[in-house]
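Reading through the structure tokens given below for one structure.
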Amino acid sequence: IETVSKILLCVSTAANTALSSTAPPTVRIIHSGNACNVEEERHTERVYTIREGETLELTCLVTGHPRPQIRWTKTAGSVSDRFQDSSVFNETLHIQKIQRTQGGRYYCKAENGLGSPAIKSIRVDVYYLDDPVVTVHQSIGEAKEQFYYERTVFLRCVANSNPPVRYSWHRGREVLTQGSDKGVEIYEPFFTQGETKILKLKNLRPQDYANYSCIASVRNVCGIPDRSVVFKLTNKTASPSIKLLVEDPIVVNPGQTVSLVCINTGGEPPPILTWVSANDSLPQRSVVNGGTLTLPSITSDEAGIYSCVASNNVGNPAKKSTTIVVRALNRGRFWITPDPYHNDDNIQIGREVKISCQVEATPPEELTFSWLKNGRALRSSERMVITQTDPDISPGTTNLDIIDLKFTDFGTYTCVAALKGGGIPDFSIDVNISSTTVPPNLTVPRGKSPLVAREGDTVELECLVSGKPKPIILWSRADKEAPMPDGSMQMESLDGVLRIVNVSRDMGGSYRCQTSQYNGFNVKPREAMVELIVQYPPTVEPVFMEMRQGLGRPVVMTCRVLRAHPSRVLRFEWLLSNRLLHAGAFDAQKDETEYTIRSLNKEGWGEYTCNIINEAGAGKCTFQVTGKAYPPEFYYDTYSPLWQNRPRVYGFKLQWTQMNPSAVDRIIAYRLGIRQQRWWETEIPVNATPNKGELMTHNLTELIKPESYEIRLTPITRFGEGDSAIRIITYSRNLLLLCSSPGEFHCSFEEEAICMFIQDKNDDFDWTQHSAATRDTKYTPNTGPSADRTGSKQGFYMYIETSRPRKEGDQARLISPFFNVAPKNPYGITNPPAYCFSFFYHMYGKHIGTLNAFLKQKGLTASEAPVWSLSGNQGDRWRQAKVSIHPTSSFQVILEGIRGPGIEGDIAIDDVTLEEGGCRDPPPSESLPNTHSTSQPTLPLPFFFF
């Protein structure tokens with residue numbers, strides 16, 4: 001409580017208008033996670049290498065105000081060009097256990113509506129190595145006119161990998177190389193481009209029968225170990241052969257249990273048996289036991305081709321297949337064809353009539369038909385001709401031709417379908433032939449077209465069908481190529497009624513009902529049309545709009561009609577919280593209605609509703625009139641947002657702008673809330689009206705390291721509290737250094753991160769973080785410090801170890817993080833600001849070399865002269881160096897230690913500081929021999945680039 005109280009009391013507020021706070025976005029990608037290598041700017045691209053299964057973490061650092069929206073996308077993936085959700089809206093992209101298919105180029109896009117979006121990309125290369133596989137192939141060539149055979153064996157090794165794999169072969173413990181054995185050749189086929197390695201054994205010899213090892217290696221990149229496989233070659237090595245102990249095809253009834261047995265008949269090493277189906281996957285209920293596949297209670301869906309595959313990596317796999325056929329009698333249908341020689345659709349005495357019956361059967365060759373008349377068997381005769389189509393040519397169809405129809409032929413004819421194998425119930429269809437058997441006719445009942453309905457209703461479209469037998473009715477859309485309500489292009493109806501539930505406006509139009517030739521007469525289809533009209537209430541805009549306005553100002557609300565059916569709108573009404581304000585007839589010449597508040601008062605705040613009404617209902621526009629202020633927009637590009645007051649606390653410079661400050665009444669204060677475990681609040685008074693884009697500042701102090709805090713900022717007007725903005729303040733040395741200006745930077749190298757200093761990759765050796773308590777002085781007792789700069793043996797510092805294998809002239813460079821240079825105006829830096837760079841050094845030993853300090857400035861070229869340099873033994877004590885620098889853009893400081901002529905030459909540094917303003921009290925020149933710095937340089941010092 002005391003700490004938070006201090007935070008709320010130790011604050012200051014200021015409005016800064018010198019800077020234009022709005023800025024287009026910039027973006028930079030930084031990486032963490034488990035990368036094994038990151039190549040920066042290689043051919044203008046960044047390549048991030050990671051081992052499969054590790055964690056990928058990419059963070060998009062953005063600047064710009066208002067805060068840009070960040071979007072991650074991905075292309076060039078081997079499986080999918082995008083994420084499952086197509087993109088990720090988050091600053092950090094986190095992928096656990098990354099897979100090879102997730103490699104590719106990742107883009108970070110930031111936009112805030114100002115200028116063009118900022119886009120950066122990084123290519124993620126996923127490294128992996130699978131277990132190698134050895135396959136063996138043999139060729140036997142007969143030499144003409146000679147009594148011997150040449151047997152050549154090829155051992156091929158393949159492993160999936162990234163980067164490309166390298167192979168090596170061993171025979172027993174012997175390493176095989178090209179030329180090491182005349183009977184052995186090692187080569188890579190041209191078409192594989194190094195992805196395989198073939199070992200060729202020419203004209204097999206007794207010594208060639210041995211254990212062969214293929215070792216696949218990616219040279220230990222990303223710590224991926226080598227992988228190997230062993231193959232034993234003997235005089236019995238042979239490709240697999242198998243036999244199926246089943247018939248082909250196997251015809252069974254539904255519900256039977258089917259067992260397919262496959263056995264090995266040859267092959268060395270012993271082949272492995274697997275079962276596959278034509279659908280790639282076996283049925284879920286199937287059971288595999290060795291070479292036996294069991295399908296319990298088989299169904300028609302499980303019918304198909306099943307294959308047994310044997311593989312032992314020698315030669316080609318052996319494969320045998322069989323087909324399972326499950327007996328079934330499927331849908332049956334019939335149709336009646338009147339005498340084709342007369343232009344009449346009716347059945348008449350003395351003329352021919354044909355009854356056709358069609359049934360889908362499996363297997364079709366087992367299908368048989370029989371006919372009954374009035375329940376008695378009917379045989380083919382001169383007047384009753386029974387025929388059957390060839391099932392191999394067309395689906396099973398039987399026809400009964402009645403020649404010279406007589407009155408005694410009237411009755412019920414039954415078509416019976418059966419399968420020869422039995423076990424399946426017979427399928428029968430009854431067809432009645434009588435004087436009442438007439439072709440169909442379609443009509444639409446009176447009053448059923450056009451049919452008017454309201455959106456959301458349930459409607460029934462009806463076509464009356466007469467005739468005997470009654471055919472199936474087919475419904476379809478007649479006026480457009482559009483699907484039916486169920487999504488199909490055609491729907492069937494047995495009673496001629498099409499029922500549509502929850503009808504929508506796009507379902508209006510013309511519908512066609514049509515007779516089907518099946519289960520009826522085989523005559524020209526009859527059809528009729530039904531018109532459906534769907535009425536719906538007016539569609540209006542805006543459906544909802546928030547209108548923020550200050551007291552005493554006018555407010556104009558407009559509700560617009562987009563479409564309606566019927567289009568004639570009857571009336572409108574305006575309401576405030578269910579209280580009628582205004583109503584009337586809608587002007588047909590306009591498509592909108594308006595309501596105006598000439599001078600807004602407190603009673604005018606609330607929810608306004610405009611109802612525009614037609615016969616089908618009402619469309620509603622809603623307006624929320626309020627004096628609530630818009631939320632503030634936090635400014636994330638603050639120079640030096642974090643700073644360190646004392647070892648255990650830190651401060652934060654909170655900055656923001658106000659969104660649309662003139663839209664409502666003047667903002668009189670902000671309510672600041674701070675939460676770590678509970679909320680604490682205070683008010684920040686605002687004396688003057690904030691302008692659009694004006695940057696406001698609020699300093700928070702006494703924040704406890706390394707705690708994070710949630711900050712809530714709420715504007716206050718005469719209306720009351722406005723919308724809040726929330727952000728998280730997190731203590732992070734990375735953020736402290738990456739985002740800071742150099743004014744308050746201090747590093748004592750106490751933490752493992754060493755204040756984000758990095759080792760130069762192009763030098764000879766590295767600086768080392770150490771303390772006197774842990775440093776080994778066995779070999780160099782007369783050099784290096786005995787404590788850190790404060791005298792503590794537990795404190796840490798950085799030093800160069802000059803013992804062997806170091807040699808004279810070797811260089812070690814330590815590079816600081818980037819520091820921003822705060823511009824005094826938005827158009828750039830005309831007068832470079834001065835900064836004081838200081839550090840403590842310890843240079844004790846008779847072989848001391850040189851300590852240099854350089855300035856590396858972004859975007860400039862310069863000579864390689866250091867801004868500070870010192871050489872030789874300076875005694876067993878810590879001394880301070882100071883130098884003024886004048887950077888014009890973001891910069892880094894580089895400390896370089898150079899090894900002298902011997903091992904007693906350790907150099908140490910501690911307490912590196914950067915402060916705004918020139919150095920006030922630089923050390924006297926006599927205490928800093930060989931230094932190139934001056935107390936007050938008048939020109940910018942030279943910059944050094946690596």
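The backbone N, Cα and C atoms fix where each Cβ goes, and this holds for glycine too.
Annotation comment: TrEMBL describes 927-936 as compositional bias 'Polar residues'.
If you look up TrEMBL, you'll see 25-125 (among others) marked as domain 'Ig-like'. Looking at the domain 'Ig-like' (25-125) alone, the prediction's average pLDDT is 79.
Feature annotation from TrEMBL assigns domain 'Ig-like' to 132-217 (among others).
The annotation domain 'Ig-like' is assigned in TrEMBL to 240-325 (among others). Secondary structure by DSSP for the domain 'Ig-like' (240-325): 3 helix, 49 strand, 34 coil.
Residues or ranges marked as domain 'Ig-like' by TrEMBL: 338-434 (among others). Taken residue by residue, the domain 'Ig-like' (338-434) breaks down under DSSP into 6 helix, 48 strand, 43 coil.
The domain 'Ig-like' annotation in TrEMBL covers 440-531 (among others).
According to TrEMBL, the domain 'Ig-like' annotation covers 538-626 (among others).
Per TrEMBL, domain 'MAM' is recorded for 745-921.
Taken from TrEMBL, the feature region 'Disordered' covers 916-936.
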DSSP-assigned states of the domain 'Ig-like' (538-626) in counts, ordered helix, strand, coil: 3 helix, 58 strand, 28 coil
Secondary structure content of the domain 'Ig-like' (440-531), with strand meaning DSSP E or B: 3 helix, 43 strand, 46 coil
